[in-house]
Amino acid sequence: MIRFAVVVIVLLTDVPFSLEEDDNVLHIGGIFPIRGKGGWQGGQACEPAVRLALEDVNKNSILSGYQLKLHWNDSECDPGLGASVMYDLLYNKPQKLMLLAGCSTVCTTVAEAAKMWNLVVLCYGASSPALSDRNRFPTLFRTHPSATVHSPTRITLMKKFEWYRIAILQQTEEVFISTVEDIETRCKQNGIEIITRQSFVSDPADAVKNLRRQDARIIVGLFYVVAARKVLCEMYKQQLYGKAYVWFFIGWYKDNWFEVNLKEEGIKCTKKEMRIAAEGHITTEALMWNQNVNQKTISGQTSEDFRKRLENVLRLEGYAIDRHRYPEGYQEAPLAYDAVWAVALAFNKTMTILEKQGKSITSFNYNNKEIADHIYSAINSTQFLGISGWVAFSSQGDRIALTQIEQVINGKYVKLGYYDTQDDNLTWFDKEKWIGGKVPQDRTVIRRVLRTLSIPLLICMWVITTIGILGAVSLIVFNVLNHHRRVIAQSYPACNTIMLSGCVLSLSSIYLFGLDGQIISPSVFPNICQIKTWVLSIGFTLGYGAMYSKVWRVHRLHTSQKKSAIRKALQPWKMYSIVIFLLAVDVAILFLWQCMDPLKRDIQVFPMENPLNSNDDIKIRPELEHCKSENHNFWLSLTLSYKGLLLLFGLFVSYETRSVKLRQINDSRYVGMSIYNVVVTCLITTPVIMVTASQQDASFAFVALSVIFCCFLSMALIFVPKVIEVIRDPHDKPESKYNPDAGMSKEDEDKYKRLIEENKQLAAKIKEKEERLKQLKSDLFSLRGDTDKTELKWNDESQLTEHSFLSQSLSRIDENSQM
């Protein structure tokens, strides 16, 4: 809002567009953070460095008769105050040709608004990665390297010492937020895990405690120096220092930053405690001083000459330089010095171009985009050797620089090496020292232990499985050899063979489920995953599909075609087509699964455990391998849905045909019982397996036992009566008490009952007639006379005829009951 207000006020105000009456002076604006209480107050040393640069530039006559003059004010590293300072500089005379600024938050505000005045902004002290956005900051350059220059340096060090697990602690400032985003991107590209990202506003106590809870060992800290002292004290309290920890701090703090201002800032740690906590930490910083102290720069002096001059100026301003009490911004002072030289060189190039066009740089105003573009192009192409080293800018306006790596050893910073980002080259001096004498690990040493199946359990299940397979093969042989027997022929031996083949495949899958990391290598494991999925799924389809086809045909014949269909011979191809269809669906799903999303070896990691006998810093990490694909839940749901519907249909059909008996399918009742068994077992076992997936022994036992139980019981129900029938009835009689369904349908049973009832009624009538005949015979001897004899003879013959008819009817009923 402040930024927007400034822009509106300036645009609506009559800003002067002429230079000062002294036309040989080129004016620039300066914004320095000096007296603030937070953030980076680097203007304390950078403003004196700029004064020295102006003095040298004006003496050097690089501007061809022009003098460079600075107008500046203090921003206190506050973006609101910085915007106000910028407005004052632009609104008040004389007109400015360019702006110098420091502190990332202030530079963000200034650079985002300056484009509206066609002003180029050069930041001597701003490391925020957000400032590299050319769309947002089209006229920004900076002699201070971006904070992202530290990221590849840190990543290189982490890879050098094999640190692939880090944590980040940051202060909630834009510069650090942008830096963390860059670190996260680079860590992801290099396979480095960020276990936690903690942030704080002013008090880091809770954030540091969280680092300890996360077992962080390698920690990147991003915060200003005032917050850094609070963090260091909290580190000491939480004991996050010593041989097991490595901290990365920002390198532009003063060398004795962890020993000063402790009382003033309310730090509740002593200097000794702060030194103990700071020992061994590593800093990375862009090189801000030319490392060749004897090399003369564009100003004609060496970096050491400039150091002496700057320290003399700082002494006059009251800083205890002789006691190594440097003001904030001392490390960045060469950047501010070189920024003025970059401005002077850019103005020189611009004036040369404008003179050829008959124009002057003094004609610049805030509406003159042409001269602004010339200044932009000139500074973009500027390259020179300065006090801070070689000065050049990237296409994003960032400074290209080397990175220096230091470590605190015995309370002093020691240079460990340099890193060239452009060439990806690390120069290492092998001067690092670690507490404890060895490189700290990035984590507690973790021993990976693969959970495998119990050998006794595995052997037991494999033995039972082998017995089951041998039994199924024996039954296949029995089924083939006795296919001509009525008890076998009327149960469709081909379907029985298919069912037994499914049992063999299903039982064989138990061998495959028992193959884990103790038997096979990880490279073979995905192949076993594919094979066991195919074997179990097809085995289930063959075994269950063959039984389902039988009860389905019984149901169809019973419900649709009624009695007329029973007399017709069943067509076997209709039963086999059901199995073929189910098998085709199975193969289609498995084929698509394997081609589109093949199963792979997936590792499930369990919480770490303490070893039983070890004094070292070791944790046990149990792992369990699973077969899993990218979209495993989708494929598993699809397969289980298909199988589940098939089970429900089978259950429904079996229930509907529970009392139906057909001569053509004589074992339908036992097949229905087998289907009940499979359905119930699957309904119980499937959820149990899902719950116990992380318990390898329990999961394997449930899978194996459910397959064994279904196969054994199905084979027993369907084939044990047949085996007994064949053994007890070598002559193939049509009925037996061991095969009560043979040759008897529901219609036949009803007909038989009716005939028995009729037989009883006729027998009663015959008995009644026989008693009547006896009575008539006794009456023959008592009757006299021819007439009576004739009449008696006629009645007697009539009764005999009726008796004969009843006897013949009873004989026919007996014959029908035997059919």
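Even glycines carry a Cβ here, placed using N, Cα and C.
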Given ranges 207-228, 229-250, 339-360, 493-514, the stretch to which TrEMBL attaches the annotation transmembrane segment: 493-514
Candidate ranges 116-134, 534-552 [criterion: TrEMBL lists as transmembrane segment]: 534-552
Distant-in-sequence neighbours of the transmembrane segment (453-481), which means Cβ under 8 A and at least six residues beyond its ends: 488, 493, 496-497, 500-501, 503-504, 507-508, 510-511, 514, 516, 518, 696-697, 700-701, 704-705, 708, 711-712, 715, 719, 723, 726
Integer mean pLDDT for the coiled coil (745-786): 71
Contact ranking winner - 493-514, 573-593, 675-694 against the transmembrane segment (634-655), Cβ under 8 Å: 675-694
Same-chain residues near the transmembrane segment (573-593), Cβ under 8 Å, at least 6 residues beyond its ends: 492, 494-495, 498, 533-534, 537-538, 541-542, 545-546, 548-550, 552-553, 599, 629, 635, 638-639, 642, 646
Same-chain residue ranges lying at least 6 outside the transmembrane segment (675-694) that approach it to Cβ under 8 Å: 544, 547-548, 551, 604, 606, 624, 626, 640, 643, 647-648, 650-651, 654, 702-703, 706, 709-710, 713-714, 717
